[in-house]
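Enquirer: Features from Swiss-Prot:
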{"type": "TOPO_DOM", "residues": "1-85", "note": "topological domain 'Cytoplasmic'"}
{"type": "TRANSMEM", "residues": "86-106", "note": "transmembrane segment"}
{"type": "TOPO_DOM", "residues": "107-131", "note": "topological domain 'Extracellular'"}
{"type": "TRANSMEM", "residues": "132-152", "note": "transmembrane segment"}
{"type": "TOPO_DOM", "residues": "153-158", "note": "topological domain 'Cytoplasmic'"}
{"type": "TRANSMEM", "residues": "159-179", "note": "transmembrane segment"}
{"type": "TOPO_DOM", "residues": "180-189", "note": "topological domain 'Extracellular'"}
{"type": "TRANSMEM", "residues": "190-210", "note": "transmembrane segment"}
{"type": "TOPO_DOM", "residues": "211-326", "note": "topological domain 'Cytoplasmic'"}
{"type": "TRANSMEM", "residues": "327-347", "note": "transmembrane segment"}
{"type": "TRANSMEM", "residues": "351-371", "note": "transmembrane segment"}
{"type": "TOPO_DOM", "residues": "372-403", "note": "topological domain 'Cytoplasmic'"}
{"type": "TRANSMEM", "residues": "404-426", "note": "transmembrane segment"}
{"type": "TRANSMEM", "residues": "430-452", "note": "transmembrane segment"}
{"type": "TOPO_DOM", "residues": "453-492", "note": "topological domain 'Cytoplasmic'"}
{"type": "REGION", "residues": "458-492", "note": "region 'Disordered'"}
Amino acid sequence: MVKFPALTHYWPLIRFLVPLGITNIAIDFGEQALNRGIAAVKEDAVEMLASYGLAYSLMKFFAGPMSDFKNVGLVFVNSKRDRAKAVLCMVVAGAIAAVFHTLIAYSDLGYYIINKLHHVDESVGSKTRRAFLYLAAFPFMDAMAWTHAGILLKHKYSFLVGCASISDVIAQVVFVAILLHSHLECREPLLIPILSLYMGALVRCTTLCLGYYRNIHDIIPDRSGPELGGDATIRKMLSFWWPLALILATQRISRPIVNLFVSRDLGGSSAATEAVAILTATYPVGHMPYGWLTEIRAVYPAFDKNNPSNKLANTNNTVTSAHIKKFTFVCMALSLTLCFVMFWTPNVSEKILIDIIGVDFAFAELCVIPLRIFSFFPVPVTVRAHLTGWLMTLKKTFVLAPSSVLRIIVLITSLVVLPYLGVHGATLGVGSLLAGFVGESTMVALAACYVYRKQKKKMENESATEGEDSAMTDMPPAEEVTDIVEMREENE
């Protein structure tokens with residue numbers, strides 16, 4: 001067997017990240033396959049797709065940030081007691097989400113948000129609210145799965161996490177195919193995608209929970225000792241989580257904002273419809289070569305030796321901070337190479353769109369320029385992911401909150417200003433998204449510099465204090481000095 005000594009320190013990082021990257025790409029493919037399966041319903045297919053899509057997007061926007069509790073499990077859960085606190089947080093959050101779903105389904109608030117704000121007719125609106133009610137339990141299942149995924153990632157079981165997510169996608173596709181041949185197609189077609197979604201989540205949650213109990217539950221202590229940083233409090237967990245949740249919420253709302261401004265810029269004409277369609281087609285394709293880079297933020301908390309919570313999980317860890325930085329740079333270079341090969345090589349991007357999305361060649365040609373803009377996304381995404389992971393290790397996520405605000409400000413500013421420079425349509429949308437990413441990454445970099453300077457100053461002060469203490473310790477006690485003087489006088 002051929003060995004590469006130079007890669008010895010990088011194999012753990014590769015084994016950790018590859019399953020997560022494959023999972024990220026598989027989810028993109030899975031959503032496309034699920035939508036194609038839903039569209040196979042014979043009656044009211046378009047209306048059902050619209051109702052389910054609207055309900056699903058609302059559910060992901062309001063409850064999606066709970067998926068960032070994966071990072072709470074990754075950073076904070078060092079004992080059975082810590083896990084119990086994390087699970088309690090998710091039970092409460094799931095209950096709040098269920099109440100919110102019920103209010104949207106039955107109150108005037110739901111009618112305003114769905115019917116009025118989205119300008120849909122009564123039939124689509126009622127089906128959307130019903131679908132939203134059916135999805136009430138999904139955020140809880142999703143959050144429970146992600147919490148245990150974070151705990152498994154801390155102990156380097158990324159392959160198991162990847163298998164669970166891929167099993168989720170496979171279960172969704174399989175159950176759509178099964179339910180399409182059942183009586184649900186006639187009685188309640190909305191339940192076909194929703195039940196498939198629940199079955200996929202059940203498979204993922206069960207896999208992750210069983211993986212936790214089999215591999216981790218018996219090896220972690222009942223309580224965290226001082227060497228592991230002590231027991232985490234619910235307040236610390238929530239303080240760590242909310243900036244990450246805010247960032248995810250702004251990411252989820254960015255695309256609807258882009259669609260709205262692009263459509264309004266073209267006056268709601270057929271060109272506007274075409275531009276939004278191009279954005280819809282190009283986003284999953286453009287996202288594939290760089291989307292997996294966001295998983296890099298889990299590397300620092302999982303491998304950094306300076307993180308006290310890794311002492312239990314990383315008994316044989318040979319990975320240093322320098323290795324993580326080099327590995328991150330190589331990942332960025334690989335993603336950039338993929339982007340330029342896929343989107344700048346003649347006819348390659350068109351073929352991908354025709355084969356995967358199913359568009360015609362004329363439409364695919366219109367997507368070329370937006371896809372080429374996606375080629376530059378890996379740089380800001382890598383910077384953001386790497387520095388976010390470092391800040392997560394230090395539990396300083398609160399400094400990330402301004403980056404989400406700046407992203408929205410830069411995004412909207414670009415959408416308003418660029419049309420005056422002659423940029424319109426899908427190019428306007430993707431260009432503004434890139435500007436938002438750059439703005440967000442810049443703010444994250446500034447926040448990281450601020451934290452780094454504070455950490456450096458703190459270490460210098462501690463070193464100075466230790467130096468003074470050691471100097472005081474080296475001086476002999478006053479009684480010993482007196483005895484020495486008396487002995488000299490006697491000798492004289």
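A Cβ is built for glycine as well, from the same backbone N, Cα and C atoms used for every other residue.
Since we're looking at a predicted model, the values are computed, not measured.
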Enquirer: How about long-range neighbours of the transmembrane segment (132-152): same chain, 6 or more residues beyond its ends, C-beta under 8 Å?
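Expert: Same-chain residues near the transmembrane segment (132-152) but 6 or more away: 55-56, 58-59, 63, 66-75, 77, 83, 86-87, 90-91, 93-95, 97-98, 101-102, 104-106, 110, 114, 158, 160-161, 164, 190-191, 194, 197-198, 201-202, 204-205, 208-209, 211-212, 215-216.
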Enquirer: Average pLDDT across the topological domain 'Cytoplasmic' (372-403)?
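Expert: It averages 92.
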Enquirer: Please give the sequence-distant neighbours of the transmembrane segment (404-426): residues at least 6 beyond its ends with Cβ less than 8 Å from one of its Cβ atoms.
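Expert: Cβ under 8 Å, 6 or more out: 243, 246-247, 249-251, 253-254, 257-258, 261-262, 265-266, 271, 274-275, 278-279, 282, 366-367, 369-370, 432-433, 435-440, 442-443.
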Enquirer: Where else in the chain does the topological domain 'Cytoplasmic' (153-158) make close Cβ contacts, counting only residues six or more beyond its ends and a cut-off under 8 Å?
Expert: 12, 15-20, 70, 73-75, 77, 211, 215-216, 298, 301-302, 309-310, 313
Enquirer: Sort out the residues at least 6 away from either end of the topological domain 'Cytoplasmic' (372-403), same chain, that have Cβ-Cβ distances under 8 Å to it, and list them.
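Expert: That would be 71, 74-75, 236, 239-244, 246-247, 282, 286-287, 289-290, 293-301, 304, 306-307, 325, 328, 331-332, 335-336, 339-340, 343-344, 349, 427, 430-431, 434, 437-438, 440-441, 443-445, 447-448, 450-451, 455.
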